[in-house]
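As annotated in Swiss-Prot:
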type: DNA_BIND; residues: 18-37; note: DNA-binding region
type: BINDING; residues: GLY98, MET99, SER100, GLY101, VAL102, GLY103, LYS104, THR105; note: ATP binding site
type: DOMAIN; residues: 7-62; note: domain 'HTH cro/C1-type'
Amino acid sequence: MTLINKLKQHLSDSQITQAQLAREAGVNAGALSAYLNDNYKGNIADVEAKLAAYLEKKAVQAREFVEAPAFIETATSRQIFKTLEFAQIANCLATVYGMSGVGKTKAIQEFAKSHANVWLVTASPSRSSLSEILYEIALELGISDAPRRKGTLSRLIARKIKGTEGLLIVDEADHLPYEALEELRIMQEEAGIGLVLVGNDKVYTRMKGGISPSHEYARLWSRVAKNTSIQKTKKADTQAVAQAWGLETDEEALKVMQSITETGGGLRILTQTYACRNGSKRIWQVD
């Protein structure tokens with residue numbers, strides 16, 4: 001089969017668009033279209049090398065990797081759902097914090113997808129200042145022409161979310177400075193929505209310092225209605241993942257899975273390990 005026929009077969013089987021294939025292969029979309037129609041006039045050898053490499057990569061992925069389920073409901077995800085539901089219903093401030101790799105982000109993403117008026121933004125080193133996190137929220141709300149002035153932007157967001165009975169979730173909230181947290185707290189109270197800060201232990205420990213009335217976080221701490229700590233992967237989480245992958249009766253696999261989830265990174269490492277299982281029903285042991 002010629003390379004052109006292989007590419008056409010791949011497009012048909014995978015339902016991928018030509019534009020997406022071109023992006024992933026690193027070739028110009030027009031060049032790909034011309035090549036598939038056998039009338040490309042440019043450097044054919046260069047284009048064919050990139051397209052052949054693309055097909056080889058896809059073959060390796062299909063042979064060596066297994067696509068994990070988009071979402072697996074676990075005991076931990078249900079615990080997080082309860083906190084999110086509470087914050088939205090009670091229009092209050094809550095936190096979800098703890099070890100990385102235990103499923104916090106997957107849970108909040110699933111909740112945001114399946115509930116109305118739930119907005120999820122992610123903070124980062126470059127998106128942690130007050131103006132940047134407000135801009136992220138504006139984009140999440142569909143305000144594409146959002147102004148960059150902090151005061152104007154904050155008032156615009158507050159008007160947009162007021163009366164919605166909604167929920168704002170900020171992932172990686174440990175990146176946010178005091179100024180940004182205070183602004184979100186005031187906005188949450190004025191708009192009458194729920195606000196959940198998600199991240200590592202710093203999300204909680206910083207605000208807990210506010211237990212002292214003289215501490216700068218005192219106003220924040222006094223308004224936190226619920227703190228949910230997740231410090232390790234639950235055994236029930238591992239069992240739920242095993243069941244989703246059809247391994248619940250494989251005692252050897254269950255033991256290895258449990259040992260993996262007991263390390264830092266927990267479910268994330270387990271998912272990556274299973275994805276690389278070489279097409280077999282065997283979990284790799286990780287040193």
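The backbone N, Cα and C atoms fix where each Cβ goes, glycine too.
Let's see these features in context: how buried, what's close, how far.
Remote same-chain residues near the DNA-binding region (18-37) are listed as 4, 7-8, 10-11, 44, 47-48, 50-51, 53-54 (criterion: CB distance under 8 Å, separation of at least six residues from the stretch ends).
Using a 10 Å radius centred on the Cβ of GLY103 (ATP binding site) and all shown protein chains, the other Cβ atoms total 27.
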Would you count the other C-beta atoms found within 10 angstroms of the C-beta of GLY101 (ATP binding site) for me?
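A 10 Å sphere around the Cβ of GLY101 (ATP binding site) contains 18 other Cβ atoms.
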Indicate whether LYS104 (ATP binding site) is helix, strand or coil by DSSP.
helix
Note down the number of other Cβ atoms within 10 Å of the Cβ of GLY98 (ATP binding site), including every protein chain shown.
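A count of 19.
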What are the DSSP helix, strand and coil residue counts for the domain 'HTH cro/C1-type' (7-62)?
43 helix, 0 strand, 13 coil
